[in-house]
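A.B. asks: Sending over a structure as structure tokens; questions will come in a sec.
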Amino acid sequence: GGCINHGQPCDGDKNDCQCCRDNGYCNCDGIFGLKWNCKC
């Protein structure tokens with residue numbers, strides 16, 4: 001368990017986004033609804 005730290009990869013799902021410690025969301029590159037390179 002545990003939360004994902006700032007700068008670590010995440011999958012962009014709600015649980016990951018709520019669990020990012022420092023900024024509270026996942027930032028993803030993406031287009032047409034596809035996401036990649038997601039980081040907290």
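For all residues, glycine too, the Cβ spot is worked out from N, Cα and C.
In case it helps, Swiss-Prot gives these features for our protein:
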- Cys3-Cys20: disulfide bond (DISULFID)
- Cys10-Cys26: disulfide bond (DISULFID)
- Cys19-Cys40: disulfide bond (DISULFID)
- Cys28-Cys38: disulfide bond (DISULFID)
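Map these features onto the structure and tell me what's around them.
C.D. replies: In the three-state DSSP scheme, Cys20 (disulfide bond) falls into the coil class.
Other Cβ atoms within 10 Å of the Cβ of Cys26 (disulfide bond), summed over all protein chains shown, number 22.
Cys19 (disulfide bond) counts 17 other C-beta atoms within 10 Å of its own C-beta, drawing on all protein chains shown.
Following the DSSP three-state reduction, the secondary structure of Cys28 (disulfide bond) is strand. Remark: Cys28 (disulfide bond) has Gly12, Lys35, Trp36, Asn37, Cys38, Lys39 as non-local neighbours, by Cβ distance under 8 Å and separation of at least 6 in sequence.
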A.B. asks: Cα distance, Cys3 (disulfide bond) to Cys19 (disulfide bond), nearest Å?
C.D. replies: 5
A.B. asks: Cys38 (disulfide bond) has how many other Cβ neighbours within 10 Å of its own Cβ?
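C.D. replies: Cys38 (disulfide bond) is surrounded by 18 other Cβ atoms within 10 Å.
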A.B. asks: Compile a sequence-ordered list of residues in the same chain as Cys20 (disulfide bond), six or more apart from it, whose Cβ lies below 8 A from its Cβ; state 'none' when nothing qualifies.
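C.D. replies: Correct list: Cys3, Ile4, Asn5, His6, Cys10, Cys26, Cys40.
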